[in-house]
Structures are given as C-alpha cells and as structure tokens.
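Enquirer: OK, TrEMBL features for this one:
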TRANSMEM  6-24  transmembrane segment
TRANSMEM  45-66  transmembrane segment
TRANSMEM  78-100  transmembrane segment
TRANSMEM  121-143  transmembrane segment
TRANSMEM  155-177  transmembrane segment
TRANSMEM  232-251  transmembrane segment
TRANSMEM  272-297  transmembrane segment
TRANSMEM  317-343  transmembrane segment
TRANSMEM  364-383  transmembrane segment
TRANSMEM  389-409  transmembrane segment
TRANSMEM  416-437  transmembrane segment
TRANSMEM  449-470  transmembrane segment
C-alpha cells in the first residue's frame, strides 16, 4: 500500500517537472546567454531558491541523517556555520564575479578563467579538474535516489536512476537554465515544506522530548560534542565549515548563477534569503536523523534513516510526498551540474578548439549533446556505486573548494598567473583525492578536515607559483577589480 502510493507520488512529481520544462521551453531562446543564464534576468527570490535547490541535494535528505546517526548532532554545527559564511561570499566574491561577467560577457566559469588569464589551456584544465568533482556529485545524487527508491518505494535501482536521468535530460534539453531555475523554485519549496512539516509534527503532534530522550538512551553521546565517535572537535568543525564555505560558493554551477543575476541587489538579497532557507533545512535534517534513533532501528544503509523514520510516524501519503521531496533534492542539484558541465564543454572546448566559427545555435545544440553524454557517464558511475552518498558528495564539495583559487583570487589579485593556476588546480585537488582514497593517511590532516588541507595546499601553491612567474597582460584585469587588486608590481 505504502509503496503503491509512494510510486504514484513519485510519478506525479516527475510529470510535474516535465510540464515545467515544457512550459519554460516556450520562453527559452536558443542562444548561449539565454540557455546558460536565462538572459541574466533571474530575480532575488528565484535566484535564492535555485541556490538552495542546488546546494541542498541528496546530501540533505539522506546524507545528513546518516551522518547524525553516526557522529551526533554536531553534524549541524559545521553546516549551519558554513551557511552563514556563504551569505558573505555571495555578497562579496559573488558580486565581483557578477560584475566581471557583465563587463566581459562571460557565461561560464571556464570562460571566465580563460579570459582572466588569457589562456584557453587554463580554462580547459579548470574544466577537466572540476569535471571530476561534477561527475562525482551528479553520480552521488543518482545513487541517493536510486538506492532510496529501490529500497523504500520498490522501484528497481537501475530503473529509478534511468527514469530520473531521462526526465532530467528532457526538461533541461527543452528549457536550459530557465527550466532549471523554474523547477528549482518548486523543488526547494517542496523540500522545505515537507521537512518543516515533519519536524513540526514531531514537535507538536508527538512527544519530541521523549523521543529525544529515547534516542539519547540508544546513543548517549548523540547530543554532545565531539559526538559518539569524537568527530566534531572544535578544529574539525571550524575547518570543515571553512572548506565548505569555499567549496559551495565555488561550485561551477554556483558561479554560473552569479552570472545569471538580474543585478547586484538581486545577488546580495538572494544570499540572505539563501541562509534563511538553508539553515533551517540543515537543522531539520539533523533533528530528524537524531530523533530517528528514538523510534526506529538504524537501517542498512544508514542513509535511509530519515525516510524510514518518516514512514514509521506518518501516513503512506505523507511518506510518498517525503520521497518526492527527496527526489526534488536530488534532481535539483543534478540538473544544475549537468547543464553547467555541458555548457563549459561546448563553449570552452568545442567553440574554442574545435569550431571557433560556430554559430550560437550550433553551440547550444552541441551543449544539448554534451548534456546527454554527461548524464550517461554519471549514470554509469552511479550503477557502480563507488562510495556512500555523504562521503561522495562531501568529497565533491571540498574538491570544488580546491579549484577556487584561480577564480576567487583572480578576481582581486593582478599578480595571479597561469602557472599558478595550473599548479593549484593539479596539486590542491590531487592532495584532496589522495586523502579521500586514504593513500595519504588521515593522521596527516592533524585533526583538520582533509578538504581544508587540500584548500590550504591549493591556495598556498597558487600564491607561491604566481609570485615567481609572469603575469598576464593588463587587458585581462577587470575594471571592476582594479581598485581592490593586490598589486605586486
């Protein structure tokens, strides 16, 4: 009974996304500016909600609950802290990149990098390295959806992945970024309302204090720091928050959103609105994961703890809606990643290296082809299930953080160089990957989050090599940055 209603709800949700995509496609022009950034016309509420939908992925519905069960309520500490920091990054670096995007008519992060450093090769290196983490993030979303729908809703894992991927390809193919934004507005709203509703029901309709007490009986260290396994030390919380603070605003698909803002005020307001929505959602996910220990046995895999908890305390209809919310979280990130990666492949590889004289319509058509290829590659990785959802997505987030030095510092520092960018993009992510694979033992993080170590390496190498090498020409420095650059001359 539950599975049947949940399946109908899931199908209805996918149909809604398709309708939104078809409708948005009526307003979408086949030009790069419109297909990639909706003609730079996105307002504050829509931009805030698309940022929320992009950031709060399968990580929110599945990963946070599992992390809370294993490491305690401290999981919220670094996420909440990082969400506050995001607002300041959006309002500072985000606004600067927005200005540069307008000044230079930049549409993709890789285009910004190659224009800033007068180096198509560096743009391709940036795309290649971020592509590793984009595929990991996209696969992580599909894994989360596939496993959950297979286990909880009786939709076979492979079928669930293929259906989500197919629907995502269709509505992004039809409407581009406008379709992504419009669907994100719905998806982030659904996610917030469902999680808030369940939390409210536990607090008002059930005895949340008794449930929390029972959870503390199951795991005495659940509500204390550093948590059951000692994860959340002050140093670990601070460094994880800092790594995420650099990583999330540095997602290529987040950077592309800076370029889409209607104006500077839109970007600043959307940063504040983002925090007002994201922090409660992080808290809701953490609370539901903690409360679950007082009601249900920990499932295998633990990533299902929040859905299992919701199923235990609610009706089949509510559970079906919750699974739709989970699907919303998954697809809202996946579609953004897929569009950004395919747009960079088309604009920054195909149109620069293969066919410089290609028309705008041809570029968009190639983007649509790369969109299919990107999703197919991610589906293949998802079918292999190389890692858990939290670990895979957290790896992608901190991986993106290690690619931001050429982007963020390049907006402010005239002394930034191509050699510094290449060295940073190779060594920073390389160290992070080696820590993730445990080729470098965790002891060498010295208690810090491994992603933060990668960020330190990336930024240190970037500055060190840039100081020792020749700078690009004066034309590459944005007029909006000249007044605040750190000039080494």
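Every residue number used here counts from 1 along the chain in the order it is shown.
Note that Cβ sites are derived from N, Cα and C of the backbone, with glycine treated the same way.
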Enquirer: Per the definition of 3+ C-beta pairs under 8 A with sequence separation of 6 or more, do the transmembrane segment (78-100) and the transmembrane segment (155-177) touch?
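Expert: Contact between the transmembrane segment (155-177) and the transmembrane segment (78-100): absent, because fewer than 3 Cβ pairs are under 8 Å.
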Enquirer: Could you name the stretch, out of 232-251, 272-297, 317-343, with the greatest number of CB pairs under 8 A to the transmembrane segment (389-409)?
Expert: 232-251
Enquirer: Between the transmembrane segment (121-143) and the transmembrane segment (6-24), are there at least three Cβ pairs closer than 8 Å, leaving out pairs fewer than 6 positions apart?
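Expert: No, these stretches are not in contact.
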Enquirer: Apart from its near flanks, which chain residues at least 6 from the ends of the transmembrane segment (45-66) lie with a Cβ under 8 angstroms of it?
Expert: 75-76, 79, 86, 90, 137, 140-141, 143-145, 148, 180-182, 184-185, 187-189, 191-192, 248, 251, 253-254, 257, 260-261, 266-267, 269-271, 273-274, 277-278, 281-282, 285-286, 288-289, 292, 301-307, 309, 325-326, 328-330, 332-334, 336, 388-390, 393-394
Enquirer: At an 8 Å Cβ cut-off, counting only pairs 6 or more apart in sequence, do the transmembrane segment (364-383) and the transmembrane segment (155-177) clear the bar of 3 or more pairs?
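Expert: Output yes: the transmembrane segment (364-383) sits against the transmembrane segment (155-177).
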Enquirer: Restricting to the same chain and to residues at least six past its boundaries, which positions have a Cβ under 8 Å from a Cβ of the transmembrane segment (155-177)?
Expert: 7, 10, 14, 17-18, 20-22, 24-25, 27-28, 34-38, 142-143, 145-147, 149, 183, 256, 260, 327, 330-331, 334-335, 338-339, 364, 368, 371-372, 375-376, 378-379, 382-383
